[in-house]
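> The structure follows.
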Amino acid sequence: MPGIVLIGAQWGDEGKGKATDLIGTKVDYVARFNGGNNAGHSVVVGDESYALHLLPSGIINPNLTPVIGNGVVVDPEVLFEEIDGLESRGIDCSHLKVSEAAHIIAPYHRTLDKVTERFLGKHKIGTTGRGIGPAYADKINRVGIRVHDLFNADHLHDKVEASLHQKNQMLVKLYNRRPIDVDQTTEELLKLGERLKPYVANTGLILNKALDEGKTVLFEGAQATMLDVDHGTYPFVTSSNPTAGGACTGTGVGPTKITRVIGVSKAYVTRVGEGPFPTELLDESGEWLRQQGHEFGVTTGRPRRCGWFDAVVNRYASQVNGLTDIVLTKLDVLTGLKEIPICVAYDVDGERHDDMPTDQAAFAAAKPIYETMPGWDEDISDCHSFDELPATCQAYVKRLEELSGCRISVIGTGPQRDHVIQINSLVD
């Protein structure tokens, strides 16, 4: 009954696909539990690369069942675009299961997301403009539309009317926009519902039965720990819970069925969008990391902000998620550096902080306290055991493990699927 949670331990884009590749052939189900199409991930199979934003990575594998859980906000138009794109390349998507309780991103959510960001100006959050936040806001305000609402015309019309009552007032009076037509929106959603219906299921029941039967389920988180709406750098966060607890609330599976929690971290740190980032490099070192690591967003194409490894963040991620293992990715990017700084603590107004400040103003003011490790020049992409790594590289990894408070079980040594060192198995 292995329930394995896979999460990002930093600000996202950590390369969770490395871990998914290692685990994917050993699992029966892959379940997305949070977020929407605001997060991109790439799946490589042979010589083919697939860029996905909403579909679980398991969609490529016909031998397992991909699941979109109730904690995900689903944009049906984006979902169908991804399905059509995969099917045009010979990938069968008929085994996909979508939770009937998942909330829908309607066209008006995207509209509100974009106009609100423009209205906020310099105070903007830095969203992707894909309607994720407004859809989650409707969920919390109890005016959201769920997947099963798309199959009853009268019921759906009432839900859309209730949802747009206040939104149209805002669009007209605050944003100087035209109101959104209730009837037209209802018709559009009904048509989307017709196509979505074959994929819809009681996914909570399916996953619990699978675990009870001894099947292995991989719970796949979007975004990452530091973007969690409760535990991240609020308000510069996403609108859901990408931390391990979200795997339970976002799928309907109880915490006692989770046996492993795997956190993925880069050997340095990146972030996209607004918000504090203590180790950010605004000089040529940051640009060097960006170019060497090809740090540009899958979803937005935006250049990622880059910085040195932050052990305070990783310790926090280990604590919040209860990590059992760390997958360390992109270690090869650091090859060629004579010295590699590691942030071991923060200086906040002259006081040393070894742990994450709960006050975000303090975190924004935090200055990194660095410890410097010697680098290496050797190409590590062909190393397939820890002992094959250069001595200074081994020392760097061991220090990150010590500072993070969790064992490093897998190391990514290059961009290809086989550029990996597995120290401990990720599946019991």
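Glycine too: its Cβ is placed from the backbone N, Cα and C atoms.
Heads up, here are the entries from Swiss-Prot:
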ACT_SITE  ASP13  active site, proton acceptor
ACT_SITE  HIS41  active site, proton donor
BINDING   12-18, 40-42, ARG304, 330-332, 412-414  GTP binding site
BINDING   ASP13, GLU14, GLY15, LYS16, ASN38, ALA39, GLY40, HIS41, THR128, ARG142, GLN223, THR238, ARG302  IMP binding site
BINDING   ASP13, GLY40  Mg(2+) binding site
BINDING   VAL298, THR299, THR300, GLY301, ARG302, PRO303, ARG304  substrate binding site
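Mind mapping these onto the model and telling me what they sit next to?
Note on ASP13 (active site, proton acceptor): other Cβ atoms within 10 Å of its Cβ, all shown chains, come to 27.
A helical conformation is recorded for LEU331 (GTP binding site) in the three-state DSSP classification.
Reduced to three states, the DSSP call for HIS41 (active site, proton donor) is strand. Within 10 Å of the C-beta atom of HIS41 (active site, proton donor) sit 21 other C-beta atoms, taking all shown protein chains into account.
All protein chains shown were included, and the count of other CB atoms within 10 Å of the CB of GLY40 (IMP binding site) stands at 18.
GLY301 (substrate binding site): 8 other CB atoms within 10 A of its CB, across all protein chains.
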> How big is the Cα-to-Cα gap, in Å, between GLY40 (IMP binding site) and GLY12 (GTP binding site)?
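Between the Cα atoms of GLY40 (IMP binding site) and GLY12 (GTP binding site), the distance comes to 10 Å.
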> Express in Å, rounded to the nearest integer, the largest CA to CA distance found among the IMP-binding residues ASP13, GLU14, GLY15, LYS16, ASN38, ALA39, GLY40, HIS41, THR128, ARG142, GLN223, THR238, ARG302 named in the record.
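With ASP13, GLU14, GLY15, LYS16, ASN38, ALA39, GLY40, HIS41, THR128, ARG142, GLN223, THR238, ARG302 as the binding residues for IMP, the largest Cα distance is 34 Å.
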> If you skip the near sequence neighbours and keep only those at least six away, which residues in the chain come within under 8 angstroms of PRO303 (substrate binding site), Cβ to Cβ?
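In sequence order, ARG290, GLU295, PHE296, GLY297 meet the Cβ cut-off.
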> Give me the CA-CA distance between LEU331 (GTP binding site) and ASN38 (IMP binding site), in Å, as a whole number.
26
> Which of the recorded positions listed here (ASP13, GLY15, HIS41) have a Cα atom within 10 Å of the Cα of ARG304 (substrate binding site)?
ASP13
> Among the binding-site residues GLY12, GLY15, which residue has the fewest other Cβ atoms within 10 Å of its own Cβ?
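Among the binding-site residues GLY12, GLY15, the sparsest Cβ neighbourhood within 10 Å belongs to GLY15.
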